């Protein structure tokens, strides 16, 4: 079977189009395959953050995306991943703008101007947005948490919680705190499976404002750990940036978001009914085409596979190097 190794902002995945399989995978096999190929130590060619399964979508969409993390859990959405799936479906079906079915919503995606030569980009809708504790599976004694303390976590850092639709906990911090050990300490505790605040876990991001309209986001992703980038985290952080720092940025204005794996651009929108949604614009890089037997992938036998580089990764790295000059 063929898979694609892809990434958005360094957040890397394998794409597997289930329509191309000779034998359909059971639910158990979908999870096991993701766990085997994604393992950073024993997985396929260095592993990945997850597997993006592409399936036929329901009416009104041109495909469905399921996101299985490296630990076998399923994410409701993946902002970096959906851009790479958008590119795959765009090229497969010769479409420039269409909808992709995800767990909670059918999301608009469209081809965007490339970031540089051989660095194609896509624009993905990130929604729905909710601040309700029930949607976040959050227990802090409040219905919403916006720029407030959680004393059990820190007496010095204020947090905001938002689902987009996967849950995010966001804090605006200084550079020293951004790069320090607090993020790992707090996020590890909140994703240990038995804490009372987020019993199902949560994505945790620290955000530093670099200048008006430009932020840096560092994320500990639920089911993954520290990651180069998390698209929904960057979208959620952008939303909170607009809501909490309106003296610097506003709706319908482009925001540059830097992350350990690169950069994206975002824009926060507000519908007439008051609902928020975000545009997430960034690279959709295809690193390699992989061929491996279905049985070997499921069983974690990586002695016999082919790996054909596309050349796009070198172009992406050159683009990122130019950003940091």
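Note: Cβ is positioned from N, Cα and C throughout, glycine not excepted.
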Task: Candidate from 20, 94, 203 that Swiss-Prot assigns to the same substrate site as 11, 69, 79, 80, 166, 221, 222, 231, 232 - done: 203
Open item on the list: Can you tell me how many other Cβ atoms are located within 10 Å of the Cβ belonging to residue 166 (substrate binding site)?
Closed with: 25
Task: Cβ-centroid neighbourhood (8 Å) of the substrate site, 11, 69, 79, 80, 166, 203, 221, 222, 231, 232 excluded - done: 75, 77, 78, 81, 219, 224, 227, 230, 233
TODO: Please work out which residue of 78, 230 has the most C-beta neighbours within 10 angstroms of its C-beta, and give that one of the active-site residues.
DONE: 230
- [ ] May I ask which residues of the same chain, at least 6 positions away in sequence, place their Cβ under 8 angstroms from the Cβ of residue 11 (substrate binding site)?
- [x] 49, 78, 80, 81, 227, 228, 229, 230, 231, 261
TODO: Give the helix, strand or coil assignment DSSP yields for residue 231 (substrate binding site).
DONE: helix
Open item on the list: Applying a 10 Å Cβ distance cut-off over all chains shown, what neighbour count does residue 79 (substrate binding site) have?
Closed with: 28
Open item on the list: Tell me the coarse DSSP state (helix, strand, coil) of residue 79 (substrate binding site).
Closed with: helix
